[in-house]
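> Annotations for this protein, taken from TrEMBL, read as follows:
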- 6-24: transmembrane segment (TRANSMEM)
- 16-266: domain 'G-protein coupled receptors family 1 profile' (DOMAIN)
- 36-61: transmembrane segment (TRANSMEM)
- 67-89: transmembrane segment (TRANSMEM)
- 110-131: transmembrane segment (TRANSMEM)
- 171-196: transmembrane segment (TRANSMEM)
- 216-234: transmembrane segment (TRANSMEM)
- 246-268: transmembrane segment (TRANSMEM)
Amino acid sequence: WIAFPFFIMYAIAVLGNITLLLVIKADPSLHEPMYLFLAMLAFTDLVLSTSTLPKMLAIFWMGSGKIGFVSCLVQLFFIHTFSMVESGVLMAMALDRYVAICRPLSHSSILSVTVVVALGTVVLVHGVLLVTPACFLIHRLPFCHHRIISHSYCEHMAVVKLSCGYTRVNAIYGLFAALLVVGSDTFLITVSYALILREVMKSPTEAPRKAFSTCVSHICVILAFYVPALFTFLTHRFGQSIPPHIHIIVANLYLLIPPTLNPVIYGVGTKKIRDRVL
(Lines of atoms letter the chains of each structure in order from A and count residues from 1; the text may use other names and numbers.)
(Lines give C-alpha, C1' and ligand atoms only; values in the text may rest on other atoms or scores of the structure.)
Protein backbone atom coordinates (compact mmCIF):
# COMPACT_ATOMS: atom_id res chain seq x y z
CA TRP A 1 0.00 0.00 0.00
CA ILE A 2 2.87 2.38 0.62
CA ALA A 3 3.62 2.24 -3.11
CA PHE A 4 0.32 3.93 -4.03
CA PRO A 5 1.26 7.41 -2.71
CA PHE A 6 4.66 6.99 -4.39
CA PHE A 7 2.92 6.13 -7.65
CA ILE A 8 0.56 9.14 -7.39
CA MET A 9 3.50 11.47 -6.71
CA TYR A 10 5.43 9.98 -9.64
CA ALA A 11 2.42 10.46 -11.95
CA ILE A 12 2.13 14.10 -10.87
CA ALA A 13 5.88 14.58 -11.39
CA VAL A 14 5.84 13.11 -14.90
CA LEU A 15 2.67 14.91 -16.02
CA GLY A 16 3.66 18.23 -14.44
CA ASN A 17 7.23 18.34 -15.72
CA ILE A 18 6.31 17.24 -19.24
CA THR A 19 3.62 19.96 -19.26
CA LEU A 20 6.19 22.56 -18.19
CA LEU A 21 8.58 21.49 -20.95
CA LEU A 22 5.86 21.57 -23.61
CA VAL A 23 4.53 24.97 -22.49
CA ILE A 24 7.99 26.57 -22.41
CA LYS A 25 8.87 25.08 -25.80
CA ALA A 26 5.60 26.20 -27.43
CA ASP A 27 5.56 29.81 -26.21
CA PRO A 28 8.38 32.04 -27.58
CA SER A 29 7.64 34.64 -24.87
CA LEU A 30 8.85 32.08 -22.31
CA HIS A 31 12.28 31.72 -23.94
CA GLU A 32 13.83 33.82 -21.19
CA PRO A 33 16.54 32.83 -18.70
CA MET A 34 14.19 32.07 -15.80
CA TYR A 35 11.98 29.81 -17.90
CA LEU A 36 14.90 28.15 -19.66
CA PHE A 37 16.39 27.27 -16.27
CA LEU A 38 12.94 26.01 -15.25
CA ALA A 39 12.90 23.76 -18.33
CA MET A 40 16.31 22.38 -17.30
CA LEU A 41 14.94 21.75 -13.81
CA ALA A 42 11.88 19.96 -15.24
CA PHE A 43 14.05 17.71 -17.43
CA THR A 44 16.35 16.94 -14.49
CA ASP A 45 13.34 16.07 -12.32
CA LEU A 46 12.03 13.70 -14.98
CA VAL A 47 15.36 11.86 -15.14
CA LEU A 48 15.70 11.71 -11.34
CA SER A 49 12.22 10.35 -10.66
CA THR A 50 12.29 7.91 -13.59
CA SER A 51 15.68 6.57 -12.48
CA THR A 52 14.20 5.32 -9.22
CA LEU A 53 10.39 5.05 -9.19
CA PRO A 54 9.71 2.38 -11.86
CA LYS A 55 12.15 -0.05 -10.20
CA MET A 56 10.86 0.89 -6.76
CA LEU A 57 7.25 0.15 -7.80
CA ALA A 58 8.41 -3.16 -9.31
CA ILE A 59 9.92 -4.06 -5.92
CA PHE A 60 6.73 -3.16 -4.03
CA TRP A 61 4.15 -4.62 -6.42
CA MET A 62 5.91 -7.48 -8.24
CA GLY A 63 8.60 -8.52 -5.79
CA SER A 64 11.28 -7.72 -8.37
CA GLY A 65 14.06 -7.26 -5.84
CA LYS A 66 16.99 -8.16 -8.10
CA ILE A 67 19.17 -5.88 -10.21
CA GLY A 68 22.28 -6.65 -12.24
CA PHE A 69 25.59 -5.11 -11.21
CA VAL A 70 25.92 -3.05 -14.41
CA SER A 71 22.28 -1.94 -14.18
CA CYS A 72 22.92 -0.94 -10.57
CA LEU A 73 25.91 1.18 -11.62
CA VAL A 74 23.87 2.82 -14.40
CA GLN A 75 21.09 3.68 -11.95
CA LEU A 76 23.65 5.00 -9.46
CA PHE A 77 25.26 7.13 -12.19
CA PHE A 78 21.98 8.76 -13.27
CA ILE A 79 20.74 9.35 -9.72
CA HIS A 80 23.89 11.04 -8.46
CA THR A 81 24.72 12.89 -11.68
CA PHE A 82 21.29 14.47 -11.96
CA SER A 83 21.13 15.18 -8.23
CA MET A 84 24.24 17.30 -8.79
CA VAL A 85 22.69 18.81 -11.93
CA GLU A 86 19.55 19.74 -9.96
CA SER A 87 21.71 21.45 -7.32
CA GLY A 88 23.56 23.34 -10.07
CA VAL A 89 20.35 24.44 -11.79
CA LEU A 90 18.93 25.73 -8.48
CA MET A 91 22.15 27.70 -8.02
CA ALA A 92 21.87 29.12 -11.57
CA MET A 93 18.25 30.12 -10.90
CA ALA A 94 19.35 31.98 -7.76
CA LEU A 95 21.98 33.85 -9.81
CA ASP A 96 19.30 34.67 -12.38
CA ARG A 97 17.08 36.17 -9.64
CA TYR A 98 20.04 38.20 -8.36
CA VAL A 99 20.76 39.68 -11.79
CA ALA A 100 17.05 40.31 -12.47
CA ILE A 101 16.54 42.21 -9.20
CA CYS A 102 19.92 43.85 -8.57
CA ARG A 103 21.01 44.46 -12.20
CA PRO A 104 17.71 44.64 -14.12
CA LEU A 105 19.00 46.85 -16.95
CA SER A 106 21.83 44.40 -17.69
CA HIS A 107 19.80 41.22 -17.29
CA SER A 108 19.33 40.45 -20.98
CA SER A 109 22.98 41.14 -21.80
CA ILE A 110 24.45 39.22 -18.86
CA LEU A 111 22.14 36.20 -19.12
CA SER A 112 21.62 35.76 -22.85
CA VAL A 113 20.32 32.48 -24.27
CA THR A 114 23.89 31.51 -25.16
CA VAL A 115 25.07 32.08 -21.57
CA VAL A 116 22.09 30.12 -20.18
CA VAL A 117 22.84 27.15 -22.46
CA ALA A 118 26.53 27.34 -21.56
CA LEU A 119 25.67 27.34 -17.83
CA GLY A 120 23.41 24.32 -18.29
CA THR A 121 26.15 22.48 -20.19
CA VAL A 122 28.75 23.26 -17.50
CA VAL A 123 26.42 22.02 -14.76
CA LEU A 124 25.77 18.75 -16.64
CA VAL A 125 29.45 18.14 -17.46
CA HIS A 126 30.39 18.98 -13.87
CA GLY A 127 28.00 16.29 -12.59
CA VAL A 128 29.21 13.67 -15.08
CA LEU A 129 32.88 14.32 -14.31
CA LEU A 130 32.35 14.02 -10.55
CA VAL A 131 30.18 10.88 -10.58
CA THR A 132 32.05 8.86 -13.23
CA PRO A 133 35.13 8.22 -11.01
CA ALA A 134 32.83 7.02 -8.21
CA CYS A 135 31.36 4.40 -10.56
CA PHE A 136 34.83 3.22 -11.60
CA LEU A 137 35.91 3.02 -7.95
CA ILE A 138 32.90 0.82 -7.17
CA HIS A 139 33.52 -1.34 -10.25
CA ARG A 140 36.99 -2.31 -8.95
CA LEU A 141 35.68 -3.42 -5.53
CA PRO A 142 35.36 -7.12 -4.63
CA PHE A 143 31.89 -8.29 -3.54
CA CYS A 144 31.70 -11.49 -1.51
CA HIS A 145 28.57 -13.11 -0.08
CA HIS A 146 26.37 -10.29 1.23
CA ARG A 147 24.75 -8.61 -1.78
CA ILE A 148 21.51 -7.22 -0.36
CA ILE A 149 21.27 -3.42 -0.57
CA SER A 150 19.53 -1.87 2.43
CA HIS A 151 17.73 0.51 0.12
CA SER A 152 15.14 0.68 -2.64
CA TYR A 153 17.66 1.96 -5.20
CA CYS A 154 21.41 1.83 -5.82
CA GLU A 155 22.72 4.65 -3.66
CA HIS A 156 26.50 5.17 -3.64
CA MET A 157 27.31 4.40 -0.01
CA ALA A 158 24.67 1.65 0.21
CA VAL A 159 26.48 -0.19 -2.61
CA VAL A 160 29.95 0.55 -1.22
CA LYS A 161 28.98 -0.96 2.15
CA LEU A 162 28.31 -4.31 0.42
CA SER A 163 31.98 -4.73 -0.52
CA CYS A 164 34.32 -6.95 1.45
CA GLY A 165 37.33 -4.95 0.20
CA TYR A 166 39.00 -1.67 1.12
CA THR A 167 36.36 1.05 0.77
CA ARG A 168 38.02 4.03 2.45
CA VAL A 169 38.87 5.63 -0.92
CA ASN A 170 35.25 5.30 -2.07
CA ALA A 171 33.93 6.86 1.13
CA ILE A 172 36.41 9.75 1.01
CA TYR A 173 35.73 10.47 -2.66
CA GLY A 174 31.96 10.35 -2.14
CA LEU A 175 32.27 12.78 0.77
CA PHE A 176 34.54 15.07 -1.25
CA ALA A 177 32.21 15.16 -4.27
CA ALA A 178 29.10 15.79 -2.18
CA LEU A 179 30.70 18.54 -0.10
CA LEU A 180 32.18 20.18 -3.20
CA VAL A 181 28.82 20.37 -4.97
CA VAL A 182 26.54 21.09 -2.01
CA GLY A 183 29.04 23.46 -0.39
CA SER A 184 29.70 25.58 -3.48
CA ASP A 185 26.08 25.66 -4.64
CA THR A 186 24.57 26.49 -1.24
CA PHE A 187 27.23 29.18 -0.71
CA LEU A 188 26.39 30.87 -4.03
CA ILE A 189 22.64 30.55 -3.37
CA THR A 190 23.03 32.09 0.10
CA VAL A 191 25.17 34.97 -1.21
CA SER A 192 22.70 35.63 -4.05
CA TYR A 193 19.72 35.88 -1.73
CA ALA A 194 21.65 37.93 0.83
CA LEU A 195 22.46 40.48 -1.90
CA ILE A 196 18.87 40.39 -3.15
CA LEU A 197 17.55 41.01 0.36
CA ARG A 198 19.96 43.90 0.85
CA GLU A 199 18.84 45.44 -2.45
CA VAL A 200 15.17 45.06 -1.52
CA MET A 201 15.66 46.57 1.95
CA LYS A 202 17.51 49.67 0.73
CA SER A 203 15.40 50.32 -2.37
CA PRO A 204 12.86 53.17 -2.03
CA THR A 205 10.69 51.79 -4.85
CA GLU A 206 8.27 48.86 -4.89
CA ALA A 207 9.70 47.18 -8.02
CA PRO A 208 12.44 45.15 -6.29
CA ARG A 209 9.98 44.08 -3.58
CA LYS A 210 7.51 42.82 -6.15
CA ALA A 211 10.34 41.01 -7.93
CA PHE A 212 11.42 39.48 -4.61
CA SER A 213 8.01 37.84 -4.28
CA THR A 214 8.98 35.60 -7.21
CA CYS A 215 11.88 34.29 -5.11
CA VAL A 216 9.61 32.81 -2.43
CA SER A 217 8.66 29.83 -4.60
CA HIS A 218 12.31 29.29 -5.50
CA ILE A 219 13.29 29.25 -1.81
CA CYS A 220 10.59 26.61 -1.14
CA VAL A 221 12.00 24.46 -3.97
CA ILE A 222 15.54 24.84 -2.59
CA LEU A 223 14.45 23.77 0.91
CA ALA A 224 12.46 20.81 -0.45
CA PHE A 225 15.58 19.58 -2.23
CA TYR A 226 18.43 20.33 0.20
CA VAL A 227 16.84 19.45 3.57
CA PRO A 228 16.10 15.75 2.82
CA ALA A 229 19.27 15.52 0.69
CA LEU A 230 21.47 16.66 3.58
CA PHE A 231 19.59 14.37 5.98
CA THR A 232 20.22 11.38 3.69
CA PHE A 233 23.86 12.30 3.11
CA LEU A 234 24.66 12.79 6.82
CA THR A 235 22.68 9.75 7.98
CA HIS A 236 24.76 7.42 5.79
CA ARG A 237 27.93 8.54 7.52
CA PHE A 238 27.00 9.74 11.00
CA GLY A 239 23.44 8.61 11.75
CA GLN A 240 23.92 5.05 12.94
CA SER A 241 21.28 5.59 15.64
CA ILE A 242 18.55 6.54 13.14
CA PRO A 243 16.24 3.59 12.29
CA PRO A 244 16.88 2.22 8.77
CA HIS A 245 13.24 2.56 7.67
CA ILE A 246 13.30 6.30 8.48
CA HIS A 247 16.47 6.73 6.47
CA ILE A 248 15.07 4.77 3.50
CA ILE A 249 11.75 6.66 3.46
CA VAL A 250 13.50 10.06 3.57
CA ALA A 251 15.96 8.97 0.86
CA ASN A 252 13.03 7.97 -1.36
CA LEU A 253 11.19 11.23 -0.73
CA TYR A 254 14.38 13.23 -1.42
CA LEU A 255 14.26 12.01 -5.04
CA LEU A 256 10.48 12.26 -5.35
CA ILE A 257 9.23 15.34 -3.48
CA PRO A 258 11.16 17.97 -5.52
CA PRO A 259 10.07 16.53 -8.93
CA THR A 260 6.48 16.46 -7.64
CA LEU A 261 6.47 19.92 -6.06
CA ASN A 262 8.45 21.87 -8.66
CA PRO A 263 5.85 21.84 -11.46
CA VAL A 264 3.07 22.54 -8.96
CA ILE A 265 4.92 25.46 -7.33
CA TYR A 266 6.09 27.03 -10.59
CA GLY A 267 2.97 26.16 -12.57
CA VAL A 268 0.61 27.69 -10.00
CA GLY A 269 2.94 30.45 -8.82
CA THR A 270 4.03 31.78 -12.23
CA LYS A 271 1.24 33.70 -13.94
CA LYS A 272 2.60 33.39 -17.50
CA ILE A 273 2.91 29.61 -17.21
CA ARG A 274 -0.46 29.26 -15.46
CA ASP A 275 -2.21 31.28 -18.16
CA ARG A 276 -0.50 29.33 -20.93
CA VAL A 277 -1.50 25.98 -19.37
CA LEU A 278 -5.11 27.12 -19.01
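Using the three backbone atoms N, Cα and C, a Cβ is placed for every residue, glycine included.
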> Quick test of the contact rule: Cβ under 8 Å, at least six residues beyond the ends. What residues does that give for the transmembrane segment (67-89)?
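The answer is 37, 40-41, 44-45, 47-48, 51-52, 55, 120, 122-124, 126-128, 130-132, 134-135, 138-139, 143, 149, 153-156, 159, 177, 181-182, 185, 225-226, 229, 255, 258.
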> Which whole-number mean pLDDT does the model give the domain 'G-protein coupled receptors family 1 profile' (16-266)?
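Result for the domain 'G-protein coupled receptors family 1 profile' (16-266): average pLDDT 85.
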